Amino acid sequence: MGDSHEDTSATMPEAVAEEVSLFSTTDMVLFSLIVGVLTYWFIFRKKKEEIPEFSKIQTTAPPVKESSFVEKMKKTGRNIIVFYGSQTGTAEEFANRLSKDAHRYGMRGMSADPEEYDLADLSSLPEIDKSLVVFCMATYGEGDPTDNAQDFYDWLQETDVDLTGVKFAVFGLGNKTYEHFNAMGKYVDQRLEQLGAQRIFELGLGDDDGNLEEDFITWREQFWPAVCEFFGVEATGEESSIRQYELVVHEDMDVAKVYTGEMGRLKSYENQKPPFDAKNPFLAAVTANRKLNQGTERHLMHLELDISDSKIRYESGDHVAVYPANDSALVNQIGEILGADLDVIMSLNNLDEESNKKHPFPCPTTYRTALTYYLDITNPPRTNVLYELAQYASEPSEQEHLHKMASSSGEGKELYLSWVVEARRHILAILQDYPSLRPPIDHLCELLPRLQARYYSIASSSKVHPNSVHICAVAVEYEAKSGRVNKGVATSWLRAKEPAGENGGRALVPMFVRKSQFRLPFKSTTPVIMVGPGTGIAPFMGFIQERAWLREQGKEVGETLLYYGCRRSDEDYLYREELARFHKDGALTQLNVAFSREQAHKVYVQHLLKRDREHLWKLIHEGGAHIYVCGDARNMAKDVQNTFYDIVAEFGPMEHTQAVDYVKKLMTKGRYSLDVWS
């Protein structure tokens, strides 16, 4: 934009000079004034752009898109392409499994990131015989596309391309506890058909609140027979184990060329360069880490990350993502049980030279680094991992057990659900429980999924804390059905991060900020109703700080109501002193706290909402209030929403169905916002 402004202001006086003889002296004067005003305006606007007054999240330039995925498919003899919209890696994993399946049917597949290609090329796909495009699309947050599928989503909304002749199928990944279950998968499936593409198999809807793996397997085992029937092909054999990567051990590697945990650019942690994002996180120093609650049953914590000199900007309601590290004790045990030297420098290189994904994680590196920073070793492995590992079990009964759990039989699915998923058995536990299962460590590293960033609602306002990001979290620790004690990867890791001490050592956290739609109203006079039990209070600490700051600036601020819930006042009442101070100062108009275990009958936030229903209705209907809900999606968010249905129905007054529509319209208008998790 800046270049175009400079070009315009430079050429305009010349154009005026050519025509000036056609006008009177008065006209010339007027033109001179106009030119002067325009020139000044352009220069002034240019200066304002160089120093924006609004906060904007820094993002990297979009990746360079390859010229044509269709041409690449032709060149490499592929006829199936599986695009994935993935935020946590699961959709990408499913896409890889589908593309790998293709060889069983005499077809060749490839998985692809839609961010790397121009999807307008879809119209050329019918040029390839028996071609098929599959989309594994996750839904993020409240019905949004994942980051890497945003451009594809925008293109689908705007395009009118004719996709006649394109054959497609869609598998969506979602969670039924969310309002917009599988919105992205449903939209892609519907929109492709509207553009003329032909669906060859029904839309699959995976539910992460249930058993996503089983949903995918059930869809997949019906999908391939449908593909065979449509294209007139037959399966060429049973599912087989085919290595995707080959191991290369580096005997004399320069350590300066070895990855030590970086997510993108080699040595990026030693030489930090903005902008910072998922592929280039900022190493933030921990400046505060304190326990928020009393007692020993749980550990709720408040952390502060220093973002000085990072140029990172955030708004109240945004999310901070952190890249955690696995427990070194677990990593060492895996190395010991497999008899592996974890400090060997190695690379896993893709056997498919045409693939964009050259390595499963940054290489060259060591097994120790891979298992610590790059691979997920604490979540239950998926069935395809068990299938691949089974070949390394020397005891027939153990091999049979693994094969059964990886099968699509009803008995196998039940066994996998109970023994792996519900028992929360991670890879180390499986290796411990199967003494004869000893896979090569390089193949295990190939099979394990990537360790993903963890997202937290930011618990601060940049107006008050421009150089720090605050996190409120609970350390996850529980006894699994297997009898083992499992701990949350990120929260256990964060809990151990001590602020800089006298010795000058700094605890660092790789992080970046992700923009959110969870925003305070544009007008400060708009009332806000905040509902957030437990750590759901996090974004509201930022909201309240910002409303208090606005008051200090002399701005008129509307009513600010908080409905907070915890167990007991003397146990887990988070930010008690801060909230009391905000209430006393008037920044927080109402502080309503529900204690669920302090009396004989349990009191939850929805009970307090019901108590105040008449005032809440006035704020919503007459005051244009915005409602914000943060916390548990499975129970709390639904109960709160049902309470608002009841309030609207009572004071509308209107039928329940009309009340539901009323609240849904509030959501559409951005007046009822959710920041929830399951």
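Glycine is no exception: its Cβ is also placed from the backbone N, Cα and C atoms.
What Swiss-Prot says about this protein:
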- 86-91, 138-141, 173-182, Asp208: FMN binding site (BINDING)
- Arg298, Thr535, Ser596, Arg597, Lys602, Val603, Tyr604, Val605, Gln606, Asp639: NADP(+) binding site (BINDING)
- Arg424, Arg454, Tyr455, Tyr456, Ser457, Cys472, Ala473, Val474, Tyr478, Gly488, Val489, Ala490, Thr491, Trp677: FAD binding site (BINDING)
- 80-224: domain 'Flavodoxin-like' (DOMAIN)
- 279-521: domain 'FAD-binding FR-type' (DOMAIN)
- Gly2: N-acetylglycine (MOD_RES)
- 2-22: topological domain 'Lumenal' (TOPO_DOM)
- 44-678: topological domain 'Cytoplasmic' (TOPO_DOM)
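The distance from the Cα of Thr491 (FAD binding site) to the Cα of Arg298 (NADP(+) binding site) comes to 12 Å.
Of all Cα pairs drawn from Arg298, Thr535, Ser596, Arg597, Lys602, Val603, Tyr604, Val605, Gln606, Asp639, which the record names as binding NADP(+), the longest spans 25 Å. Cα separation, Ser596 (NADP(+) binding site) to Asn175 (FMN binding site), rounded: 27 Å.
Residues in the domain 'Flavodoxin-like' (80-224) partition by DSSP class (helix H, G, I; strand E, B; coil) as 65 helix, 36 strand, 44 coil.
Separation of the C-alpha atoms of Tyr478 (FAD binding site) and Asn175 (FMN binding site): 23 Å, rounded to the nearest whole number. Residue pair Gln606 (NADP(+) binding site) / Tyr178 (FMN binding site) shows a Cα separation of 18 Å. Looking only at the binding-site residues Arg424, Tyr455, Ser457, Tyr604, the one with its C-alpha closest to Ala138 (FMN binding site) is Tyr455. Of the listed binding-site residues, namely Tyr178, Phe181, Tyr455, Tyr478, Tyr604, the sparsest CB environment within 10 A is found at Tyr478. In sequence order, Tyr178, Ser516, Gln517 constitute the residues six or more apart from Gly141 (FMN binding site) in its chain with CB-CB distances below 8 Å.
The record assigns Arg424, Arg454, Tyr455, Tyr456, Ser457, Cys472, Ala473, Val474, Tyr478, Gly488, Val489, Ala490, Thr491, Trp677 to the FAD site; their largest pairwise CA distance measures 26 Å.
A 10 Å cutoff on Cβ-Cβ distances gives Ala473 (FAD binding site) a total of 23 other Cβ atoms nearby, all chains included.
Contacts of Lys602 (NADP(+) binding site) defined by a Cβ separation under 8 A and a same-chain sequence distance of 6+ are given as Ser596, in order along the sequence. Mean pLDDT of the predicted structure over the topological domain 'Lumenal' (2-22): 33. For the binding-site residues Ser457, Ser596, Gln606, counting C-beta atoms within 10 A of each C-beta gives the highest total at Ser457. Here the binding-site residues are Ser86, Asn175, Thr491, and the one with the most other Cβ atoms within 10 Å of its Cβ is Ser86. Of all Cβ atoms in the protein chains displayed, 16 besides its own lie within 10 Å of the Cβ of Gly89 (FMN binding site).
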